[in-house]
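First comes the structure, then the notes that go with it.
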Amino acid sequence: MTADELVFFVNGKKVVEKNADPETTLLAYLRRKRILTLEWVGLSGTKLGCGEGGCGACTVMLSKYDRLQNKIIHFSANACLAPICSLHHVAVTTVEGIGSTKSRLHPVQERIAKSHGSQCGFCTPGMVMSMYTLLRNQSEPTVEEIENSFQGNLCRCTGYRPILQGFRTFARDGGCCGGNADNSNCCMNQKKDDTVTQSPCLFNPEEFMPLDPTQEPIFPPELLRLKDAPQKQLRFEGERVTWIQASTLKELLDLKAQHPEAKLVVGNTEIGIEMKFKKMLFPVIVSPAWIPELNLVEHGPEGISFGAACTLDSVEKTLKDAVAKLPAHQTEVFRGVLEQMRWFAGKQVKSVASIGGNIITASPISDLNPVFMASGAKLTIVSRGTRRTVPMDHTFFPGYRKTLLGPEEILLSIEIPYSREGEFFSAFKQASRRDDDIAKVTCGMRVLFQPGTTQVKELALCFGGMADRTISAFKTTRKQLSNFWNEKLLHEVCAGLAEELYLPHDAPGGMVDFRRTLTLSFFFKFYLTVLHKLGKDHPEDKCGKLDPTFASATFLFQKDPPANVQLFQEVPKGQSEEDTVGRPLPHLASAMQASGEAVYCDDIPRYENELSLRLVTSTLAHAKIKSIDISEAQKVPGFVCFISADDIPGSNTTGLGNDETIFAKDKVTCVGHIIGAVVTDTPEHAQRAAQGVKITYEELPAIISIEDAIKNNSFWGRELKIEKGDLKKGFSEADNVVSGEVYIGGQDHFYLETQCTIAVPKGEAGEMELFVSTQNTNKTQSFVANMLGVPANRIVVRVKRMGGGFGGKETRSTLVSTAVALAAYKTGCPVRCMLDRDEDMLITGGRHPFLGRYKVGFMKTGRIVALEVEHYSNAGNSVDLSRGVMERALLHMDNCYKIPNIRGIGRLCKTNLSSNTAFRGFGGPQGMLIAEHWMSEVAVTCGLPAEEVRRKNMYKEGDLTYFDQKLEGFTVPRCWDECLASSQFHARKSEVDKFNKENCWKKRGLCIIPTKFGISFLTPFLNQAGALIHVYTDGSVLLTHGGTEMGQGLHTKMVQEACQTILKRLEPFKRKNPSGSWEDWVTAAYQDAVSLSATGFYKTPNVGYSFETNSGKPFHYFTYGVACSEVEIDCLTGDHKVEGAFVQGLGLFTLEELHYSPEGNLLTRGPSTYKIPAFGNIPTEFRVSLLRDSPNKKAIYASKAVGEPPLFLAASIFFAIKDAIRAARAQHADNNTKALFQLDSPATPEKIRNACVDKFTTLV
């Protein structure tokens, strides 16, 4: 049977694809297709960030004519999940299609660029397209609509504030208030100081181009003309999969009868992931998206019926309209569904995913299925010749991922019922992160009372996340029929749920106590919510009033739009316009990043004979390799070769400590250890071939955790030690001694651009050119040269920019680049590899987890007199940079506090995990968190305010640290006082205390934390750098330097500096020709034989420290800061919202958690399971100010390093959370709670909930 032609439009140009492969995604097609007749050679602005629809880097706008609505609709979608076969007669708009630096930027592109909303720039095209789609649908959106449109977009660099600040200028309610609003955070309300001008204005909105909706590209007229043409069945044949687009219900049912095993796909948000990441294959896919009956919405007498192919976005709109129009008692269920949908997923997923797909997927942690089950929804199921309607009750899901549907049946529609008088409904969900996250536990709860009473007639409690399917707790609910809604019922239901919803300790998904407690907490919230509503409806008090201190437990989460301000010191009046120092310049490449023109490693066009590489990695943590069988891989089309250690012409030894191999030879030492690689013609074939390589092992005992390593005495190298004073004397003189431990979890870098390398052999004398996304060109070059056995000068490494790094591309990028170079050497062809997100997270390691065991001696006044801390880090299966990380942790174990008698010990744990490595802060945050942990324990023990104890122990100007470095320009006391004043700390503290008295189940915490961060590498030779500048005779400038650009604006800063030297040489020519141009002066200098090149070299003076003798100066200077954070926690769920944070630190200390199986297998391998902060996590109120008049005598232009130091200030959130938990524990003191308790980092909802000990936690 011949395949049909696929017709769609990209940026207004028609595409006719005669060989559409159902396995090809729109993203792969856009980035790799060469259609020269379209003036289109790969549209690389749309980025691959995760491949699972979780990061938004690949966002595009899709437009089509909707026959049911009779109008053109625009919606955002993830190109990484959209099969090209689903795009017949659809118009695709990418970031390149809305504006460019060559013609004109679109206002969306201009605003994100000029408002500093693009740093590394990799996520920027996706942000632009999410905003653009919103504006195509709503030219004057609200701030809330703008925020919601970004629920499916992630950024790792900016902390989101500048993105929102730039895009809020489009909102009808979001621009600058001009000082007219009643807003304490307004930039106009900041304290004035006559001597220095503090500016909050990083950009001037009046300079932005206005948005003109009439100037947008039109929908292709050819597609508009087809709107009335009958749709016919389409068939597309790929290598392994057939895609059939059914056009009528009869066709669909016939196809299902012919192919009962066929998968029905509408949005591909589930099947796409199963095919890519779970290695599943579905030979026949049928798309029912066009069928009118499956898209129908009917308002019936008992409820609203939705066709199974209706998108979640359209369901949401319909239900919102119904809630607005119908009486409140009829819309209880609708409001429950909408509450779940608020946090269900990003717009990109909700716009394409269908309500039927969500049900039939039968996920045990579905957000919506428990809600539908509890509501009594009805499902209509059809097949050829049959039609039946069934209730969606506890029998609908007979087992894991199974439903009642027969092989030939399909779901036609779902009817969501109206609620009745006396019926109440709530839906709850708890996840790690609010936006776009998978639930830990989700539920729907419904009660119907006998008319005019509080006697239970019907009760439904349905849960996801508590079994291998969605379940109903009908044993518990059955017993409550005819009972009254009172405390007795509450206690019986909680006891019943604790018994009925039992989970074994090794249940899949873990977090057993947390999940079981949540079921009780959710019912308690439902119980209170119903009491609250009954009280409103029946003020004459039918069932006992709601305790006013319980009321806040019933409130649904509401987040005010973020109110943010960043204050910095303006340049002095009279400073030359050409002098850019001190001015907030946008990133030099921001406009190119916003238009998709900035070229990252994988954006480089493919070479003619280019091949693709895929790594083959170990599935065991510690094992001998018995055999490698590549016979299945060789059968994959396009297979070229398999490479391993046997192919290496030079040395297989690599790594900073020469303790690693490029390819494992006889033994593997972690899951993800690279054994070999397959080389094929395309990335898709490479993935299939890698899956075909079969390896047999002989398993060996593995060491996974820090505790395992300590028990087995498994360490890298000797212990590190630093000591000063007389510890024995200090402890003997102390009034109190407290001992304890704290664990700080690891963190994945989650740069948006994964590791990527292109290696191009030059064909003579072993020369090779590599394009690499790396922070370390030097080691990339030397490791490749060593592996190939050639001199380093034969290897050229280029890096223009990275899509984020944070330390993760410092050394671990060489794992990929060295393997790719070997493949290029062996095949003689250019070879490319960009890791998938799951591979990247598995292979490359992250921030070191730390265990700190401390003993601290102090006086009753809170003054510290002695401290001993043992630091253990999980280094992984090689040393890498672990020693440097531990050294920095030991040199920051005091944070900002003077401790007369101190000893710090550090051990690097040798484990069977992927080697951990550099990450922003480099051990400093771990060392300082341990310090602040014991400091908070000292304050509690003394019964003194924590801020008082911290201030009392602070260093003073001129003090010596315990490593004998004198503190000069010690501005922490100034920062501290300014932060206390600007945060109105004492007034805020009184408010917090008042709130905590008035609210039993919500608590607030407040904390102020300082930081002192040493600036320099501890390895002396690393403190050097060189640069070379050439000015050409046309006036253009070429700058070459040893740094790499990953979003920090290094090129921008270097260009500011570079021109100074040359300007001095041009002075005579400027004097001779004052009215001339830069080009005139450059030409004159050239003709006068004045050098237009300059080199620069710098080495940091007088740094170098010895741990053996505790002497020398480890740091050139310190950067100081202070942060105050206020948080509110929900004691019943562990949910929290923040009032002040630094966003990557917020992730480290409250959100990001790496989970391993006991066998050492990383379980969190992508954005679906590993949660970095999203737009919804940024603080409601976020104020940043730079300390005025504090020049740094030791650096150029009195500047200071501020990339790493602020990260630790987010620990103020962690300790504010601990403060709030302490308030909750104090209220439930009858549950044997202790004043001192261990809270490990990150403070996730699970840890918060479990620490808030109460009557529910004791039941499980």
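Glycine is no exception: its Cβ is also placed from the backbone N, Cα and C atoms.
The domain '2Fe-2S ferredoxin-type' annotation in TrEMBL covers 4-98. Annotation source TrEMBL lists [2Fe-2S] cluster 1 binding site at C50, C55, C58, C80. Taken from TrEMBL, the feature [2Fe-2S] cluster 2 binding site covers C120, C123, C155, C157. Per TrEMBL, the feature domain 'FAD-binding PCMH-type' maps to 236-421. The FAD binding site annotation in TrEMBL covers 264-271, F344, 354-358, D367, L411, K429. TrEMBL lists Q775, F806, R920 with the feature Mo-molybdopterin binding site. TrEMBL lists E810, R888, F922 with the feature substrate binding site. Positions annotated as active site, proton acceptor by TrEMBL: E1204.
Known features from TrEMBL, placed on the structure.
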{"residue": "C55", "record": "[2Fe-2S] cluster 1 binding site", "contacts (Cβ under 8 Å, 6+ apart)": "G49, C123, G126, N153, L154, L752, P1167"}
{"residue": "E270", "record": "FAD binding site", "contacts (Cβ under 8 Å, 6+ apart)": "A353, G357, T361"}
{"residue": "L411", "record": "FAD binding site", "contacts (Cβ under 8 Å, 6+ apart)": "A308, G356, I359, I360, L379, T380, I381, L405"}
{"residue": "Q775", "record": "Mo-molybdopterin binding site", "contacts (Cβ under 8 Å, 6+ apart)": "M802, G805, G807, K809, E810, S813, T1044, M1046"}
{"residue": "F806", "record": "Mo-molybdopterin binding site", "contacts (Cβ under 8 Å, 6+ apart)": "R156, H749, Y751, F919, R920, M1046, Q1144"}
{"residue": "F922", "record": "substrate binding site", "contacts (Cβ under 8 Å, 6+ apart)": "G807, L881, G884, V885, R888, E1204"}
Consider each pair of residues in E810, R888, F922, all listed by the record as binding substrate, and report the largest Cα separation in Å as a whole number.
17
To the nearest Å, how far is the Cα of L264 (FAD binding site) from the Cα of C80 ([2Fe-2S] cluster 1 binding site)?
19
Largest CA-to-CA spread of Mo-molybdopterin binders Q775, F806, R920, angstrom:
13
Give me the DSSP three-state residue breakdown of the domain '2Fe-2S ferredoxin-type' (4-98), ordered helix, strand, coil.
17 helix, 35 strand, 43 coil
Quick one: among the binding-site residues C80, C123, which has the most Cβ atoms sitting within 10 Å of its own Cβ?
C123
Select the closest residue to G267 (FAD binding site) from the following binding-site residues, measuring between CA atoms: C50, C80, C120, C155, C157.
C80
Across the domain 'FAD-binding PCMH-type' (236-421), what is the average pLDDT of the model, as a whole number?
96
At the level of the C-alpha atoms, what whole-angstrom distance separates C50 ([2Fe-2S] cluster 1 binding site) and C155 ([2Fe-2S] cluster 2 binding site)?
12
Cβ atoms within 10 Å, counted per site: which of R888, R920 has the most, among these binding-site residues?
R888
Which residues in the same chain, at least 6 apart in sequence, have a Cβ under 8 Å from the Cβ of S354 (FAD binding site)?
V266, G267, A289, A308, A309, C310, T311, L312
Using C58 ([2Fe-2S] cluster 1 binding site) as the reference point, find which of the binding-site residues C120, C155, C157 has the shortest Cα-to-Cα distance to it.
C155
Cα distance (Å, whole number) from C80 ([2Fe-2S] cluster 1 binding site) to C120 ([2Fe-2S] cluster 2 binding site):
21
Roughly how many Å separate the Cα of C155 ([2Fe-2S] cluster 2 binding site) from that of C80 ([2Fe-2S] cluster 1 binding site), to the nearest whole number?
17
I'd like to know which of these binding-site residues, G267, G357, is least surrounded, judged by other CB atoms within 10 A.
G357
So for C58 ([2Fe-2S] cluster 1 binding site), how many other CB atoms are inside 10 Å of its CB?
28
Relative to the mean position of the Cβ atoms of Q775, F806, R920, the recorded Mo-molybdopterin site, which additional same-chain residues have Cβ within 8 Å?
H749, Y751, G804, G805, G807, G808, K809, E810, A918, F919, M1046
Using the CB centroid of E810, R888, F922 as the substrate site centre, which other residues of the same chain sit with their CB within 8 A?
G807, L881, G884, V885, A918, F919, G921, G923
Other CB atoms within 10 A, centred on C50 ([2Fe-2S] cluster 1 binding site):
26
What whole-number Å value do you get for the CA-CA distance of C80 ([2Fe-2S] cluster 1 binding site) and C157 ([2Fe-2S] cluster 2 binding site)?
22
Using an 8 Å cut-off from the Cβ centroid of C50, C55, C58, C80, can you name the remaining same-chain residues around the [2Fe-2S] cluster 1 site, in sequence order?
L27, K47, L48, G49, G51, E52, G53, G54, G56, A57, N78, A79, G126, R837, P1167
Packing count at E1204 (active site, proton acceptor) (other Cβ atoms within 10 Å of its Cβ):
20
